[in-house]
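Scroll down for the structure; my scribbles are underneath it.
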Amino acid sequence: MQSERQKHIRNFCIVAHIDHGKSTLADRLLEHTGTLTHREMEEQVLDNMEIERERGITIKSQAARLIYKRPEDGQEYILNLIDTPGHVDFNYEVSRSLAACEGAVLVVDATQGIQAQTLANCYMAVDHGLEVVPVINKIDLPSARPDEIKNEIEDVIGIESSDAPLISAKTGLNIEDVLEAVVQKVPAPSGDEKGPLKALIFDSYYDSYKGVVCHIRIKDGTVKAGTRIKLMAANKEYEVIEVGVFVPNYLKVEELKAGDVGYITASIKNVRDARVGDTITEVNNPAKEPLLGYRPAISMVYSGIYPIDSSKYEELKEALEKLQVNDAALNFEPETSIALGFGFRCGFLGLLHMEIMQERIEKEFNLDVIMTAPSVIYKVKKTDGTLIEITNPTNLPEPTEIDYMEEPVVKAQIITPSDFVGAVMELCQNKRGTFIDMEYIETTRVMLNYRVPLNEIIYDFFDSLKSRTKGYASFDYELDGYMRTELVKLDIILNSEVVDALSMIVPKDRAYAKGRTMAEKLKEIIPRQLFEIPIQAAVGSKIIARETVKALRKDVLAKCYGGDISRKRKLLEKQKEGKKRMRQVGSVEVPQEAFMSILKND
């Protein structure tokens, strides 16, 4: 059912590939509808983390309420714009933002056309039953080819795009057309204002004054200050303190009704209790069942984080707790390493998420940290029949106890200019990928589908892909189960001590090559000591590669001019004894660069 009020509301989001101008378009819409004056405008208004602006990416979902007056009849419409992240790692964030909308504006760059994430995000919008409104951006560029792109959208995605607005978000050209298209094409929300309350949390973050602020989309019912609410997945009850809308800053209102997008605060202390995707209902008149689609965020990549200065352990713990308040996808538990001391094992959504967390710890909390090599979750079937999951290579059981191991696989979709198909296929082959199929999108561009082990992707797949295709390829992936593989644990032994932080799990047939390169890399990086340091790579008890860092030595014979050979021999023997003793007590520091360079090797 639809009320008169709801007919004038449109809830929509903007989806696009990275750098196709999504956040810029959002800025222009805010400016055009007078939500922000020209003076308040800054680039990427909705990206309010410093890191987001710096990298030009959107990490957290944001929302803004625009008031649009149609020129022809003067009708006022409330347009709720929900800005979504565009990166693979934050797919779940995108899916919840989509669930809060009825329509999606699909931005396509007029010079580049459809890219892998354009497709991924567009299919996601269609799966959520949204009306997709294509918009072609950057038509002010000399290399723009809007007509070809329109055909491409129709052929590849199958959306009618003959009347797609041609805009330039940078100069503000034809922005009015986008607003008009949203009003005409995006369906108005429906929902029972009198029914039991049902609201979807599509984002939540911690404010030091208000506690957790939940960004919500109300599907049914009404919520106002004083309402007693229950979070269905967390199974906790609270009393609402304040409700309001975003203009992008907070504006307090009396109540929010079905169809509205806004925020509530209810002195919730922890972001974990207000999980994104959870359903809010009323305690006295609860909804029968929650809204569909909630799932806890799943960590795909694990890594150890250690403070460089071990006395900063408590500070690191506080930093992680504060970041976790705002990021329900981050999880961590304490762990110790012989080489690095006390630290934490953290789970991330993917590599970008991991990099961003490391940057935020270093910038916002002023802590220097070491990150160990990222690892995925392996499943190990032991000989006694038990199945365990391994996130840290050091916890892998002895080879004699393992029946078989499985590693996660992803389905990768790569779109590349046809000149580079050979190079891309070679890369996927090198990364143990299996070919699924390929199809031509247009004469010059090809879409390749591969199954690739996740372990191969988390190191440097994206960088290699970009460098092999001169930066033209785009890439998207989704988890596709597990597959059985012959895997072994590769240990690095320095001065006859295993450095647990450098251990990694590798395919059996690649262990030798990997061990060789790691030993060579470490030889270059580890500073010379006064005694020689053997660097060994081992699988189980078998040494597969060895390099030696030569000792620095003092010339003890300098003071002997001529003289007896036995005198010289005595001095050399004495030096040798000293070196031997030093080697037994000396310890070797592994510099931070060692960890980084080992991740980056091909």
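Using N, Cα and C of the backbone, Cβ positions are placed for all residues, glycine too.
The shown structure was predicted, so the numbers you read here are calculated from the model rather than taken from an experiment.
The GTP binding site feature in Swiss-Prot is assigned to ASP19, HIS20, GLY21, LYS22, SER23, THR24, ASN137, LYS138, ILE139, ASP140. Taken from Swiss-Prot, the feature domain 'tr-type G' covers 7-190.
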Least surrounded among the binding-site residues, given as SER23, ASN137, when other CB atoms within 10 Å are counted: SER23
Taking residues ASP19, HIS20, GLY21, LYS22, SER23, THR24, ASN137, LYS138, ILE139, ASP140, which bind GTP in the record, the widest Cα spacing (Å, whole number): 17
Assigned conformation of SER23 (GTP binding site) - DSSP reduced to three states: helix
Other CB atoms within 10 A, centred on ILE139 (GTP binding site): 20
Fewest-neighbour residue among binding-site residues, criterion Cβ within 10 Å, set ASP19, GLY21: ASP19
For the domain 'tr-type G' (7-190), mean pLDDT (0 to 100): 75
